[in-house]
Amino acid sequence: MTTRKPIIAGNWKMNLNHFEANLLVQKLAASLTAEQLEAVETVVLPPFTDLRTVESVIADGKLKIKYGAQDVSPHAGGAYTGEIAGAFLAKLGCSYAVIGHSERREYHNESDELINAKNKAAFAAGLVPIFCVGEGLDIREAGNQVEHVLAQVDAGLEGLKTEQLQQIVIAYEPVWAIGTGKTATPDDAQEVCGAIRARLVEKFGAEVADVVRIQYGGSVKAANIAQIMAQPDVDGALVGGASLDAEEFVSIVRFPEHVAR
Ligand SMILES: O=C[C@H](O)COP(=O)(O)O
């Protein structure tokens, strides 16, 4: 079995201006050693307007922190007012783009088809999608979470090439656990992340499924990261609120020191 490098990504959502972004990245850099950043891929996902600043701080300090955007246009360029093309993000040194976050699915009516187009647009620009899936509370209460999430996975990955599938990061975020303080239990996270990996084996084969990194997201904190990361099919976390606090985020990145996996 392949060893997948853990990936902890901080989704800042619509928080922190570029001055505050500068400060937070500097604090992360001051607290995380090169060894820690080597052991755990560490990513920040600031608002678009912070990206140039984040690029400069990271380049100036030669920091091993990666960064990305929270969305990308499905279009390569042209008359799409307000949209941001993947190529612009790649030019700013972004490695990742969050695609299909539940807040975009809910507040911007993003469909599975649009999300699939965004996954393709990200790859076309040289970005790796952090492709988000997850069920709402009604679906969880009806016990249909696995079926629901697998349908999102199937639709979002439609038409991707093998080498793209091998790079993609899938973030499982149960919507009822986002920003609510209600974390899914490690078993809940494993149930769905394991089902995602089984689906990848079924559709694309074990060689692809073994290398795809699957994150859990939803009220991840320093206090619960180690138990979540101990699950065999959880390879990282997409962290919202706790990523805005340097000390807390650093502690999350340092999860291997809490408990051995
Ligand atoms: O993208 C991150 C998730 O939506 C989780 O947010 P949260 O950690 O604030 O619950």
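The backbone N, Cα and C atoms fix where each Cβ goes, and this holds for glycine too.
Under the heading active site, electrophile, TrEMBL lists His101. In this structure, His101 (active site, electrophile) belongs to neither helix nor strand by DSSP; it is coil.
The C-beta environment of Glu173 (active site, proton acceptor), restricted to residues of the same chain at least 6 apart in sequence and closer than 8 Å, consists of His101, Ser102, Cys132, Val133, Gly134, Tyr216, Gly217, Gly218, Leu238. Residues annotated as active site, proton acceptor in TrEMBL: Glu173.
The local packing around Lys13 (substrate binding site), expressed as other Cβ atoms within 10 Å of its Cβ over all shown chains, amounts to 19. Per TrEMBL, substrate binding site is recorded for Asn11, Trp12, Lys13, Gly179, Ser219, Gly240, Gly241.
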Among all chains shown, work out which of the binding-site residues Asn11, Ser219 has the most CB atoms within 10 A of its CB. Asn11
Contacting binding-site residues for ligand 1, chosen from Asn11, Trp12, Lys13, Ser219, Gly241 when the Cβ sits under 6 angstroms of any of its atoms: Asn11, Ser219, Gly241
If you measure every Cα to Cα distance among Asn11, Trp12, Lys13, Gly179, Ser219, Gly240, Gly241, the residues said to bind substrate, what is the biggest one in Å? 14
Drop a 10 Å sphere on every Cβ of the binding-site residues Gly179, Gly240 and tell me which sphere holds the fewest other Cβ atoms. Gly179
